[in-house]
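Here is what TrEMBL records for this protein:
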- 26-117: domain 'Ig-like' (DOMAIN)
- 122-208: domain 'Ig-like' (DOMAIN)
- 227-313: domain 'Ig-like' (DOMAIN)
- 318-402: domain 'Ig-like' (DOMAIN)
- 408-497: domain 'Ig-like' (DOMAIN)
- 499-593: domain 'Ig-like' (DOMAIN)
- 653-750: domain 'Fibronectin type-III' (DOMAIN)
- 755-850: domain 'Fibronectin type-III' (DOMAIN)
- 851-947: domain 'Fibronectin type-III' (DOMAIN)
- 1-19: signal peptide (SIGNAL)
Amino acid sequence: MMLSWKQLILLSFIGCLRGELLLQGPVFIREPSNSIFPVGSEDKKITLNCEARGNPSPHYRWQLNGSDINLNMEYRYKLNGGNLVVINPNRNWDTGSYQCFATNSLGTIVSREAKLQFAYLENFKTKMRSTVSVREGQGVVLLCGPPPHSGELSYAWIFNEYPSFVEEDSRRFVSQETGHLYIAKVEPSDVGNYTCVVTSTVTNARVLGSPTPLVLRSDGVMGEYEPKIEVQFPETLPAAKGATVKLECFALGNPVPQINWRRSDGLPFSSKIKLRKFNGVLEIPNFQQEDTGSYECIAENSRGRNVARGRLTYYAKPHWIQLIKDVEIAVEDSLFWECRASGKPKPSYRWLKNGEALVLEERIQIENGALTISNLNVTDSGMFQCIAENKHGLVYSSAELKVVASAPDFSKTPMKKLIQVQVGSMVSLDCKPRASPKPLCSWKKGDMIIQENERISFLKDGGLKIANVTKADVGTYTCTAENQFGKANGTTHLVVTEPTRITLAPSNMDVSVGESVILPCQVQHDPLLDIMFTWYFNGALTDFKKDGSHFEKVGGSSSGDLMIRNIQLKHSGKYVCMVQTGVDSVSSAADLIVRGSPGPPENVKVDEITDTTAQLSWKEGTDNHSPVISYSVQARTPFSVGWQTATTVPEVPPSEVSGGGGSRSELVITWDPVPEELQNGEGFGYVVAFRPLGVTNWIQTVVTSPDTPRYVFRNESIMPFSLYEVKVGVYNNKGEGPFSPVTTVFSAEEEPTIAPSQVSANSLSSSEIEVSWNTIPWKLSNGHLLGYEVRYWNNGEEESSSKVKVAGNETSARLRGLKSNLAYYTAVRAYNSAGAGPFSTTVNATTKKTPPSQPPGNVVWNATDTKVLLNWEQVKATENESEVTGYKVFYRTSSQNNVQVLNTNKTSAELLLPIKEDYIIEVKATTDGGDGASSEQIRIPRITNMDARGSTSAISNVHAVSSYIPVVFFIVNALW
């Protein structure tokens, strides 16, 4: 491509600016985000953020719904930096999607879209609502019909007059989707006026509808009928990744229907799923793809059942996997930019250049989100943005494309002035000037043009490679780089030297303390190169100044010999001579062993002193590379003249002689073997002697292995659990040594021969059975009773039985972790070290049914400064659950962990508690099968000078109201 002189001058000017000013296209630091403006707010303006960095600094403009905003309308808009300030926002003019454009001389980028919405809630129409007339026992739906609004709402209903709100339970339900009040089965106490209360969660504004009277018809009571589901979720409901999904379900019916949930595919609910509002709401926090599928709500009473189904589908906004990055490419080259994003459904892609849709042409193509531009020119430079989008959102990725054109220039990447290499090596000469497009490179040596051959080759990056270098390759090399914008030269001088070789290397040496040695290190090297010798001792650099009394470097210019004077033990180790030049380095190592007298024995001890002997022991000291041949023991007394050699007897008997255990008719004797250093000669072994207690003669035997630690004597005449005296002596080829002190051991025990009696099994709960028995008669020959073994199984499968063991002083064992409502069989036997006895007769017991899974519901409390009154709903066990026998009330102060328990067989309790601080209370049903599920914890706040009351539904701002206790009560987070 040919460029005009004007273009060349412009390119040079742009290159100069980029080098001096480090130009940078705009990059967003902050972008606008979705905003909701409360109508009627005291704040009379709203700010949409936009900030970008760049050089030169960017300037800004904004669009609303795709049209430029006139920033000259100062009474409506103000630009603060890049931020757009909307003055006196109006929902009729200012609602919509906003985008910020940041521009400098290098290009323009567009921000993500930010939606501005206005939240408002108008009043209900004042028109009176018609009376709703129903039969007792009939279900009814009271419609709310919220007024015109924008923004999320919440709903509640007032019964008769404020602050009496409808309490939701299994019979009454307020939908947060429609706002309607649903009563599954109308009772006479429901007669009254109902008012819908609508609250904006954005503005906190609250409006009340007109009361709806509810009266009973006089034509009789409605009979029982099957559930009719009135509140249900859509057949298909898309849910965003990470969102909290709430599904509502409620049914009318007589009796009041029970609501349950399940997945249609039969999979269990994950632990994060919660059931709220008496099972009327299924809540799935942090929604993920594995939570998709069909869900079923089952409404059931004694007259029948009904099922509502709906499918949750998963969607995710686009999320970047691969972003585009700034690139600088030479003119005439090609660009390949790829951006990739994940999302569901799969995102599509489009590209912008300087804030406008990229115009495609033959050399500019987009395929699967990837942008390709061939034969680049300077006008292609600018700010590009890749946009990934699906129907749920879009994301932007921005980057700058710089297309550069310049003549070759070595000023930033100069060639090396001097390169030194060895004969026979390979060398590469770099030639990498800055140039756009890439230049063509040619080489000269002196004035001679270089051609490729078997040793010389041109590299793709413009460099020159020479293999098997010789002295003839010495000289000055010039690289000429050229493109259509100019050319430039660079030179380097090549010096070829002979390799350095060690001609006399240090060798391994073995010396004695006090000697002096020389470790040689002599080399042959190229005279053009300077040479340096260094020595390392055990990996550390030798400091000749610090260790000058021992170390000295000797020899001429080509020698680095190391002299070590007056060698000491500390000088043992590895010595390395390192020889370095400007182009290479060589090294050689040698081991130096310094031998000296052994170090002193360590930890010398004198034991067992008698009239004529003393036991002496010690540990070996360092041998200093010379094995210890012998030890000389000297002694002196106040009456001796100096130290004198003592007579020694190193042979000692085994220690820790003991025994016992084994099988019937066995005597087991054990000891610690004598260490080899104390055996004092060849043919070492043991003499084992034993006799029944009270008998004069010893029975002896010989154990010939010096490492053997035990001996077992077997004979039918050995009585069980009888006392024997034992001792163990030593011998070697020189004769016998001493025996150990005499000790007593028992012969082997006799295993139990009688089974435990009076064995019984008693079911304690749904997972525990207690087995008890009488102790077996014991006799001396049985030795020590170690314990009892309890074996148990179910369904007659004795082969797969389990077992537990208890100590010998126990007469019962508790079997845990059993299955509920199942017969278990068990038998017991005693055991000792000789083995186990016979099993008892088999007994059985059936575990109890599991406790109820339903917790006590609707826990209501009334509190004074001295006591707390509690009421809750009765827990009903299902057919496969244990019957409820009572309730446990667990209570503690909020500052303590010590829980107290009150037992009752009623559905109410009175706690005499001084309410000086908060109390935490929960209730469980009790059954023969154990405790049931716990109610939700309730917190009773500290009372100062008034009474209070509440319930487990306090989170929903609903508290119990009693008509028979005249107390003042308060409501947390009151509506007014």
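Keep in mind that glycine also has a Cβ here, set from the backbone N, Cα and C atoms.
Caution: TrEMBL annotation is automatic and unverified by curators.
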- With the domain 'Ig-like' (318-402) as the reference, find which of 122-208, 408-497, 755-850 contributes the most Cβ pairs under 8 Å. 408-497
- Query: Which of 26-117, 122-208, 499-593, 755-850 shares the most C-beta pairs under 8 angstroms with the domain 'Ig-like' (227-313)?
  - Reply: 122-208
- Express the predicted model's confidence over the domain 'Fibronectin type-III' (653-750) as a mean pLDDT, rounded to an integer. 89
- Pull the DSSP breakdown for the domain 'Ig-like' (408-497) and write it out as helix, strand, coil residue counts. 3 helix, 48 strand, 39 coil
- Query: By DSSP, how many residues in the domain 'Fibronectin type-III' (755-850) are helix, how many strand, and how many coil?
  - Reply: 6 helix, 48 strand, 42 coil
- Message: What does the DSSP secondary structure composition of the domain 'Ig-like' (499-593) look like, as residue counts for helix, strand and coil?
- Response: 3 helix, 48 strand, 44 coil
